[in-house]
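What Swiss-Prot annotates here:
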- N2: N-linked glycosylation site (CARBOHYD)
- N6: N-linked glycosylation site (CARBOHYD)
- N16: N-linked glycosylation site (CARBOHYD)
- 34-54: transmembrane segment (TRANSMEM)
- 55-62: topological domain 'Cytoplasmic' (TOPO_DOM)
- 63-83: transmembrane segment (TRANSMEM)
- 113-133: transmembrane segment (TRANSMEM)
- 134-142: topological domain 'Cytoplasmic' (TOPO_DOM)
- 143-163: transmembrane segment (TRANSMEM)
- 183-203: transmembrane segment (TRANSMEM)
- 204-218: topological domain 'Cytoplasmic' (TOPO_DOM)
- 219-239: transmembrane segment (TRANSMEM)
- 258-280: transmembrane segment (TRANSMEM)
- 281-320: topological domain 'Cytoplasmic' (TOPO_DOM)
- 301-320: region 'Disordered' (REGION)
- 308-320: compositional bias 'Low complexity' (COMPBIAS)
Amino acid sequence: MNQTLNSSGTAELALNHSRGSVVHAACLVLSSLAMFTCLCGMAGNSMVIWLLGFRMRRTPFSIYILNLAAADLLFVFCMAAMLSLETQPLVSTTDKVHELMKRLKYFAYTVGLSLLTAISTQRCLSVLFPIWFKCHRPRHLSAWVCALLWMLCLLTNGLTSCFCSKFLKFNKDQCFRVDMVQAALIMGVLTPVMTLSSLTLFVRVRRSSQQWRRQPTRLFVVVLASVLVFLICSLPLGFYWFVLYWLNLPPDTKVLYFNLSRLSSSMSSSANPLIYFLVGSRRSRRLQGSLGTVLQRALREEPELEGGETPTTGTNEMGA
């Protein structure tokens with residue numbers, strides 16, 4: 001009898017060890033892919049920031065894209081730093097740096113979500129009420145909205161850090177409440193508004209395109225593609241705390257979900273530059289143009305003429 005129990009216990013230990021090895025290998029692969037994605041994202045977003053910040057004349061919509069690229073760059077940098085620190089033992093100094101990178105990462109995440117919500121909402125308003133929006137839109141609205149969103153996200157994430165950082169006055173109950181409030185803001189306000197405005201924009205532009213037999217503008221494609229990629233790739237990170245606290249999942253499943261959410265969110269923050277350049281070069285005869293030309297073409301609002309070109313008049317006055 002004892003021999004039977006010992007053999008069954010040994011088999012269970014071997015099974016658990018084998019399962020743990022598989023989970024460890026899967027996490028290692030996901031972390032490696034996330035690191036590679038972050039490096040590509042840093043290169044792509046740095047290129048967008050350099051082009052929009054120093055090589056191109058800014059338009060109202062390009063200001064949003066510039067700030068979104070900055071938020072994405074901060075996110076992938078913090079993610080890459082965390083992945084790098086996790087490959088070595090976390091001593092006192094590296095542990096503090098890891099905590100700082102984690103807080104900055106969530107800050108960049110909320111900034112990116114807020115900017116995408118503002119972009120999709122303003123594009124929706126400009127399509128639903130074009131004359132009113134053009135006449136009543138403040139000249140520096142884009143810059144003011146971006147600055148306000150950065151400050152609000154800094155405030156909310158600063159409060160979260162005060163209650164949840166293990167190097168400050170950590171309180172588990174208060175941290176849980178603050179996390180739930182922030183999750184409710186992300187999942188209950190920002191994400192639904194972004195989704196609803198994007199769906200409205202898609203239906204309205206699609207109907208107008210069928211009625212007037214015109215192709216949608218490249219800017220419309222850029223906005224919808226960016227929102228779609230965010231919803232598919234970045235929402236798993238937003239749902240992470242819900243999965244951690246409310247779903248009674250096995251520890252191995254939670255670890256795999258956590259690593260998968262880090263990879264998918266890294267892909268989301270790295271995909272936007274690729275979207276801009278793919279849309280900017282789509283149906284164009286001048287594929288050999290500079291990167292700045294391709295990016296400028298992707299951010300234009302004007303409908304395309306024959307050959308994939310756009311009118312040159314009023315380019316810098318039109319914005320989203």
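For all residues, glycine too, the Cβ spot is worked out from N, Cα and C.
Beyond the ends of the topological domain 'Cytoplasmic' (134-142), by six or more residues, the same chain brings 60-61, 63-64, 122, 126, 319 to within a C-beta distance below 8 angstroms of the stretch. Against the transmembrane segment (258-280), the recorded stretches 34-54, 63-83, 143-163, 183-203 differ in Cβ pairs under 8 Å, and the greatest number is found for 34-54.
Long-range neighbours of the transmembrane segment (34-54) within the same chain, counting only residues 6 or more positions beyond its ends whose Cβ lies under 8 Å from a Cβ of the stretch, are 62, 65-66, 69-70, 72-73, 76-77, 79-80, 83-84, 259, 262-263, 266-267, 269-270, 272-274, 276, 291-292, 295. Helix, strand and coil counts from DSSP across the topological domain 'Cytoplasmic' (55-62) read 4 helix, 0 strand, 4 coil. Broken down with DSSP, the topological domain 'Cytoplasmic' (134-142) shows 5 helix, 0 strand, 4 coil. Summarising model confidence by region, the topological domain 'Cytoplasmic' (134-142) averages a pLDDT of 84.
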